[in-house]
Amino acid sequence: ILDNMITQKNFYLYKWYADLVDEKTGDVIIVYLGEVEWNFLKLSFTNILQFLQKNHLISQATFSNYSLPVLENKSFHINSSQLSGQWESKTESIIEKLFESIDGYILWECFMPSASGQIKIDETIRKGLGYVERLTLTLKPWQLPISILRWGRFLSENQHIVWIRWEGEQKRCLIFHNGTKSADGIINDDIIEFGRYRLMLSEKYALRNGPLIKTVFDKFSWIKNTFPLGVLNMKECKWQTWSELYENDRSIANGWSIHENVECKPTMSFLGKILYGSLFSILIPLVLMFWSKQTETYIHLPIPTNSIVAFLLSLFGVVLMISAMLELWIKGNGLPMNAYPPPKLVTTGAYKIFTHPIYIGSSLLSIGISMCFQSKSGFWLISPIFTLTWLALVHGYENEDLKKRFPECTWNPLLNIPENVKTKRQLKDIVSVYCFVLIPWLIFYQTIIFIGTPVNSISTYLTLENKLPIIEWTELFYLLAYPYVIFLPFVLQTKQQIRSFIFDGLMNISIGIYLQVIFPFVAVPREFSPTTILGEILLHERDLDGPVGALPSFHVSWAFLSGYYYTWCFPKYNFIFYFISILISASCVTTGMHSILDVIAGFILFIICIKRETLWIYIRNYFEILANSWSCFRIGKLRVISHSFYAFITIFTGTFLLCCLVAHTYTIVLVSTSSLVGAGIWGQYIEKSSGLSR
């Protein structure tokens, strides 16, 4: 069962610990054996510590010559090229699941709290009392909810004690005396006190003291570059201490203790904060400016020239960032650093309106500065990528981190997606619809209109449509689309309805705008001579629109999406609302504003939006089946797997497109070939022993 639990995690540490104190000399032998796996990295390790004559430490660490220890009944055996040892248990084992969360768990198995053992190293045999445990960790070390860990064990001929204490987000105190568990007591570096017992840790000898990067991993520079620096900077201090156990005030036993103190999350220095803050406030902006300058000649799209709008965007961005930073500093007692967040949740000031005002302000500032300096690359390339980057950071890390650090706090800013509950909607929910859906759509759509007609554009009109007449009075239904959509948020009655509309609206915007950007489709309005006032209004509306932004037709998708939600609120009148949506869609053709293909594409987009969950389940299930439909065939010694065809199609298509768009064909082929060869080497030498090789 344990092995099955481990294989479900992308990280696990499986570590044996065994020690022995020589009964004649008091020398300490500590053996670490284990395996660690993290993503593609999988390794076994052996670490042997010999603490001789209380002042001489010999440390031997290797990632080879690993031999799995054997635990049978009450015997524990180690046999490797470096040592051999045997421990015989004198007591019953202790098993505790110390911690468990959605990220993983910590399982502690103390198989031998007290044992008699024998170790042979370099032809030297040592005998004495010893201890054996195993730790299984599927929680990444940098996710541990611990700031300080204290662990130790005390052994004498008739007494044994094991203790564990955590400090930090999760606090825990465990003391086992002769197998009896106590969850309350005092544990520090000088005394272990519980019930009527007191263990005095008097004469200490330091076995190892310092950060892991300088102790355990000092000889392995590649390990330093693999794991996060915060993990390797954990400070470890391990002692051998002569101890005396008292019951009340009477001494009942004495012997050696092995114990340690690990600072899992060392405090950050002032210099570290300065460097981390400079990374985001100085280095990243400089990199973005340099990137913008180097790519300026590759961007040929027009850029807005309204200096007033540019100034207002920059000003609002700066004000939003500064006000939010001050809130974090004054009320959160911290700085705006996601790696070192404030200890208090801030929900006032700018955070009462936005969930992430600093990021929003930085994007507005980037866009405003790009407009001020007429930087096409800054406006069309750098600012969008920068915005998408912090959105990924927010949704991939910061939101989850907030939930973990403040699980009981509720925070509902003004602009926020409502909860999925059937309670009555509030005014701020209506405002959120406009700020998250309708206003962004207007900005994106007008941006496409501003870019203009693409080169080598393709008309979506069919030949038969050129003969269709313009019916001027149908402009009435074409205009009806605007109030039909604009007033919908006021009609929605529950938070669940508004939440669903926001998601459907965002899906509508994302797919529709994306298709209008990547495809050069246009629908030039069909010419006519107005004879009525509605015809004059139609001509005026065309002045505000353009031939681009045609396929799919947002007039159609918004009309049917609104009709869908109107019928949700008023199911008795569903026919009327869908009939209005049909009239609006038909008016797109009768007014000459859209082609029939535009209308059909808009309706398909509507179906995708309202069936998004069903489509997602279907797509996910299909590709899960495809991913698991593994098969292979052999040509001599060459094995060809089915998945290689999918990879080939992907790489070939991407390389072909790059060669068509970029002039440096030989360079692209060289890079692609090098990537292929590198992937082959990686798979052969790094992943060959994993389950991926099947």
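Even glycines carry a Cβ here, placed using N, Cα and C.
Features as listed in TrEMBL:
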type	residues	note
DOMAIN	472-609	domain 'Inositolphosphotransferase Aur1/Ipt1'
TRANSMEM	274-292	transmembrane segment
TRANSMEM	308-330	transmembrane segment
TRANSMEM	377-397	transmembrane segment
TRANSMEM	431-453	transmembrane segment
TRANSMEM	473-492	transmembrane segment
TRANSMEM	501-522	transmembrane segment
TRANSMEM	548-568	transmembrane segment
TRANSMEM	575-593	transmembrane segment
TRANSMEM	599-619	transmembrane segment
TRANSMEM	640-658	transmembrane segment
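For the domain 'Inositolphosphotransferase Aur1/Ipt1' (472-609), the DSSP-based tally of helix, strand and coil residues reads 105 helix, 3 strand, 30 coil. Sequence-distant contacts of the transmembrane segment (377-397) (same chain, six or more residues past either end, CB-CB distance under 8 Å): 288-289, 291-293, 295-296, 298-299, 301, 303-304, 338, 355-356, 359, 362-363, 366-367, 369-371. The average pLDDT computed over the domain 'Inositolphosphotransferase Aur1/Ipt1' (472-609) stands at 92.
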